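Enquirer: Structure below; questions to follow.
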DNA sequence: ATAAAAATTGCAATACAGTTGCATGCTGTT
DNA sequence: AACAGCATGCAACTGTATTGCAATTTTTAT
Ligand SMILES: [Mn+2]
Ligand SMILES: [Mn+2]
Ligand SMILES: [Zn+2]
Ligand SMILES: [Zn+2]
């Protein structure tokens, strides 16, 4: 397990420090995304700034992606697969649950194409669907 | 003109004070949306809190809608038409320009339907397209 | 293995958007 | 004119994001 986490960091050219391995391990367990504040609450021994910079590094190297959850909170989630440093391929839908306040990646749900007005040049897209998640719907 | 602004406020059951008429007038001139901070810079004579509460009232009465611009900034824009107090019909796409940092409503560009995984219940959607706006593309 | 260099971390401080409480001022009504 | 109710401004507070710098850890080169 620890071996796996370490090589995952190395493959993204991230120095595998103890801290970073613990953070990555935690993110991998997680079913949804997490905000910096919630991460700080979950991993109490870490300084907030360290977690901030850890997430920033992870994002820059293509290991996690940033999600605007649609309620003004920034969250982070492990990238699915093909993301590289400075190159995220993150065209899936995100789902915000009004009940549990969690934000889920829906990697199998692609963002459909939209036709923009004349002269608008698209570079990225974000689609946030809000409602009740499957766990809360039961 | 002033007459028009006043009756617009009244039709949404908002008390037409001098301040509110000036803010609404400014918003109507605007081609794109605006953040609280930028509004404060544009209308210097107003206190930030007054503008905050003005926008909040406008939003609650269905006169403006709130936009998460995808970069963590909340912006406000005049509603198109059928919005009522507590009931926004805001399923159009928003466009964020990386060059001028403005966020545009694209009222003619609807958000396409997406099929969610089993048991997810949709209530709202937000689609932000990022890139270069038509003015900056020239 | 050790020393030097480079990267990482923690603490303190700052920046900044959003929000609330309260005293004051304004407006319309009796 | 007196009153009630809403609107406004100021000060203060919250919460998140971000930076500077010194201390510590990790890596690299002897
Ligand atoms: Mn995602
Ligand atoms: Mn809009
Ligand atoms: Zn839920
Ligand atoms: Zn532009």
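Cβ from N, Cα, C; glycine included.
In TrEMBL, annotation is done automatically, which means it is predicted and not curated.
Here's the feature list from TrEMBL:
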type	residues	note
BINDING	A:88, A:90	Fe cation binding site
BINDING	A:97, A:100, A:133, A:136	Zn(2+) binding site
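Situate these features within the shown structure.
Expert: Residue A:90 (Fe cation binding site) falls within neither a helix nor a strand when secondary structure is assigned with DSSP, and so counts as coil. If you take the C-beta of residue A:90 (Fe cation binding site) and look for same-chain residues 6 or more apart in sequence within under 8 angstroms, you find A:65, A:79, A:83.
Cβ neighbour count for residue A:97 (Zn(2+) binding site): 23 (other Cβ atoms within 10 Å of its Cβ, all protein chains included).
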Enquirer: Ten-angstrom check, please: count other Cβ atoms within 10 Å of the Cβ of residue A:88 (Fe cation binding site), all chains counted.
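Expert: So the Cβ neighbour count for residue A:88 (Fe cation binding site) comes to 17.
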Enquirer: Under DSSP, is residue A:133 (Zn(2+) binding site) part of a helix or a strand, or is it coil?
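Expert: DSSP assigns residue A:133 (Zn(2+) binding site) to coil.
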Enquirer: Taking just the CA atoms, what is the gap between residue A:136 (Zn(2+) binding site) and residue A:88 (Fe cation binding site) in Å?
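Expert: For residue A:136 (Zn(2+) binding site) versus residue A:88 (Fe cation binding site), the Cα atoms are 30 Å apart.
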Enquirer: Which chain neighbours of the Zn(2+) site, leaving out A:97, A:100, A:133, A:136, have a Cβ atom within 8 Å of the mean position of the site's Cβ atoms?
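Expert: Neighbours within 8 Å of the Cβ centroid, excluding A:97, A:100, A:133, A:136: A:98, A:99, A:101, A:102, A:132, A:134, A:135, A:137.
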